[in-house]
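Enquirer: What follows is a structure written as structure tokens; I'll ask about it next.
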Amino acid sequence: MEPISHLVKSSLPNYLSSLPVPDSIGGWFKLSFKDWLALIPPTVVVAGLGYTAYLAYCPAARASCAAKNSGRCNNHIRKNEPKVVDMIDVEDIAEKAAFCRCWKTKNWPYCDGSHGEHNKQTGDNVGPIVIKK
């Protein structure tokens, strides 16, 4: 318990009092590069705490996180149907056709390259199914 007491009563107040926080708005423009570097760690801590509080207490943030972590693949294609199934006759394919597997395409069931952006954002490697005649 002694180390925590020392941190709260001595180390942290000494650190905060040594930060180069100016008294006026004009003082911010007179800070040196070294002063700006000294202000980075507390700024990162405050921003991290603010972001954590935002995720914890903002309903919009919780809803978007829940949607991303739901495990659902299809987020917008024919949601009124219990199961999305497309039957395509091989005889109707001219030479080759690329079919979507990532559910991001706007031209369902054909691939329009939307998986490229998905792969960049998530580090995934999904691609289309290509059928040749």
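Cβ coordinates come from backbone N, Cα and C, glycine included.
Just lifted these from Swiss-Prot, have a look:
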BINDING   CYS100, CYS102, CYS111, HIS115  [2Fe-2S] cluster binding site
TOPO_DOM  1-35  topological domain 'Lumenal'
TOPO_DOM  59-133  topological domain 'Cytoplasmic'
TRANSMEM  36-58  transmembrane segment
Enquirer: Per DSSP, CYS102 ([2Fe-2S] cluster binding site) is which: helix, strand or coil?
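Expert: DSSP call for CYS102 ([2Fe-2S] cluster binding site): coil, neither helix nor strand.
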Enquirer: Same-chain Cβ contacts of the topological domain 'Lumenal' (1-35) under 8 Å, 6 or more residues past its ends?
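Expert: Non-local partners: 42.
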Enquirer: Enter the number of other CB atoms within 10 angstroms of the CB of CYS111 ([2Fe-2S] cluster binding site).
Expert: 20
Enquirer: Of all the binding-site residues given, CYS100, CYS102, HIS115, which residue's CB has the most CB neighbours within 10 A?
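Expert: When each Cβ's neighbours within 10 Å are tallied, CYS100 leads.
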Enquirer: Which residue counts does DSSP yield for the topological domain 'Lumenal' (1-35) in the helix, strand and coil classes, in that order?
Expert: 24 helix, 0 strand, 11 coil
Enquirer: List the other residues in this chain whose Cβ sits within 8 Å of the Cβ centroid of the [2Fe-2S] cluster site residues CYS100, CYS102, CYS111, HIS115, in sequence order.
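Expert: Once CYS100, CYS102, CYS111, HIS115 are set aside, the remaining close residues are ALA98, PHE99, ARG101, TRP103, LYS104, THR105, ASP112, GLY113, SER114, HIS118, VAL126, GLY127, PRO128.
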